[in-house]
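What TrEMBL records for B:510-520, B:576-588 is compositional bias 'Low complexity'. Annotation source TrEMBL lists domain 'BTB' at B:40-139. Under the heading region 'Disordered', TrEMBL lists B:144-164, B:510-535, B:552-602. Look at TrEMBL and you will find B:1-16 tagged as signal peptide. The transmembrane segment annotation in TrEMBL covers B:260-281, B:326-347, B:359-375, B:387-408.
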Amino acid sequence: SSDSELELSTVRHQPEGLDQLQALTKFTKKELQSLYRGFKNECPTGLVDEDTFKLIYSQFFPQGDATTYAHFLFNAFDADGNGAIHFEDFVVGLSILLRGTVHEKLKWAFNLYDINKDGYITKEEMLAIMKSIYDMMGRHTYPILREDAPLEHVERFFQKMDRNQDGVVTIDEFLETCQ
Amino acid sequence: MAAGVATWLPFARAAAVGWLPLAQQPLPPAPEVKASRGDEVLVVNVSGRRFETWKNTLDRYPDTLLGSSEKEFFYDAESGEYFFDRDPDMFRHVLNFYRTGRLHCPRQECIQAFDEELAFYGLVPELVGDCCLEEYRDRKKENAERLAEDEEAEQAGEGPALPAGSSLRQRLWRAFENPHTSTAALVFYYVTGFFIAVSVIANVVETIPCRGPARRPTREQPCGDRFPMAFFCMDTACVLIFTGEYLLRLFAAPSRCRFLRSVMSLIDVVAILPYYIGLFVPKNDDVSGAFVTLRVFRVFRIFKFSRHSQGLRILGYTLKSCASELGFLLFSLTMAIIIFATVMFYAEKGTSKTNFTSIPAAFWYTIVTMTTLGYGDMVPSTIAGKIFGSICSLSGVLVIALPVPVIVSNFSRIYHQNQRADKRRAQQKVRLARIRLAKSGTTNAFLQYKQNGGLEDSGSGEGQTLCVRSRSAFEQQHHHLLHCLEKTTCHEFTDELTFSEALGAVSLGGRTSRSTSVSSQPTGRSSLNAKPHDSLDLNCASRDFVAAIISIPTPPANTPDESQPSSPGGGGGSGSRSTSTLRNSSLGTPCLLPETVKISSL
């Protein structure tokens, strides 16, 4: 157990300085301070791991199962893919989502849908995302959730998005359709 | 770097002047030091209590919160102090660490709270000073054990909640492991217990000499020989039941290899094997001696009771956990026996007609004396023998008394753990029920809000405000989030009642959910639900996405508080409205109220 204690103590993260973060994001110093206070209160070690993230996110959707979608969200926030969200990731993500231009937001959404981050959204990826969103509704919905509802939704989405009908949606097609 | 070393660095660097004459190569230039302001006093305000300290003190440990630039996140420019919303009593210890280099652990505080403070301020638990380290570790271990038991109890408690589609095998196994789950299992449990008792009693009784009929008063036979048929039938019945039970358990076990290796199954096998061996061994005189020996193993059936008695199991665990102490006891006793037996043998060698014929013969005397039994069948007669005999009995008391308290404390610990586990299991049930209640409370609040027509357009909102229950800012935003999810998926949240109604309506053939929805609406529903459902599907495609403003209160937790990235297909569908759908609404002036950050939804 002393080993695990040691492990825990070394996995601690200090964020970049306030000034660097201010340069990276569109938040003011005060906003960053208040965001950090909240973040630090929840995660004294300075990073959020995936399980904690899933737990927190699930609390907002008590009726359904939010873990799959939380997984995708986690990967979207975790820019450097190291399995934990640091304060920088958190704040940069929030800055895009809250203060970014429409273009940046759409890019972020594209990044969320593109599960393997290869620059293309395939039907399978879209289906996975759609299923995870529908999962959050839970069982008790009105009208009753059919098995193929996510698939239908994906088909409609692809029809509109995929201009050249090659089975994948690129970032340009995506931006074009949504603008 | 270790504690306090930073203060000595300038000294070490100054002393490097001693190398100057000896250096073979020109020494590198000194690093540029930022214009260091004179040492200043920092004010740290922890929940209203002001602590003042030199900046240098805090800089001693640059990889902690207070020693690094991380503290700038807590700097309040107006008052010029660092504000932390934490426990001021605990902060005292943290600050003392910076001052003295030793982190002490408060005796009267909960160890978990202390740990959390350490984690917050970036102090590694290894920094706890030697004076308090042992106590800290002990308390932490105790806590961890208790929490581990909690989790185990939780997992064990999930056992009774068996999934509906479990196979016969799983049901059987569960019936065997937890007899209290069904009446059949309970009956089986008691029946096997009864037969174990019967078998053991039969074994005992068949050796009692019972007086024969009056005509042969002189001959006394054990009952087993007088009524061989009766005892044989009883034995057969018991063995049949035990065999059946063993085979059923083997069939139901989720992991047969593991089951075969477990202690209980070994006991079962040992209990029934002698009978079968006896069946197949012919009534041969040579072998029947061995066969009689096998009957001894029948007494192991009494160990089958350990499935029925928790106390026996605890005793078994205790002995297992005290294996090392028992081993030590055995080893030291053996040593002492050999030593004293040798001494006694040689002391009594001279006497005629002595009992101490050899050293192994003297073992018996030594054991009986060391355990203070003193049967008196072997007694030393020489003076030297008597002296050594008394030393032997005194040392025996000591050697046996030493490991016993360890064993006793182990037993007491395990016993109390068991009691605590039972208590915690009961508390856990209550806790889970309360959590489930809280969860359903959130959903119900949302559904209630919808029913009260809170989702109508803001135009008629004025009239609604009186009847709609006033909600906190958190609730408002949470409901908005759920509402966005509904819009994304074109389905709505309902409660179980309506859901089962709708299910029933659908299953009545012919009437689709579309038509029933309109007719079976309770009148309290908002106007959204009254719309026909085919239009609901299409409307999702062309509905204008409201560019609402949501505020999130700080701390904004770790959820990215954006609305669901709703299917942009909807935005693309309506060409004319495309410009308005993804409007970035009024964020021109991000005026930050002290508590909120404003965002807009897609």
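Note: Cβ is positioned from N, Cα and C throughout, glycine not excepted.
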- Other than its close neighbours in sequence, what residues sit by the transmembrane segment (B:387-408), given a CB gap under 8 Å and a spacing of at least six beyond its ends? 318-319, 322, 325-326, 328-329, 332-333, 336, 340, 343-344, 347, 365-366, 369-372, 374, 380
- Secondary structure of the domain 'BTB' (B:40-139) by DSSP, residue by residue, totals 48 helix, 20 strand, 32 coil
- Query: Over the domain 'BTB' (B:40-139), what does the predicted model average in pLDDT?
  - Reply: 89
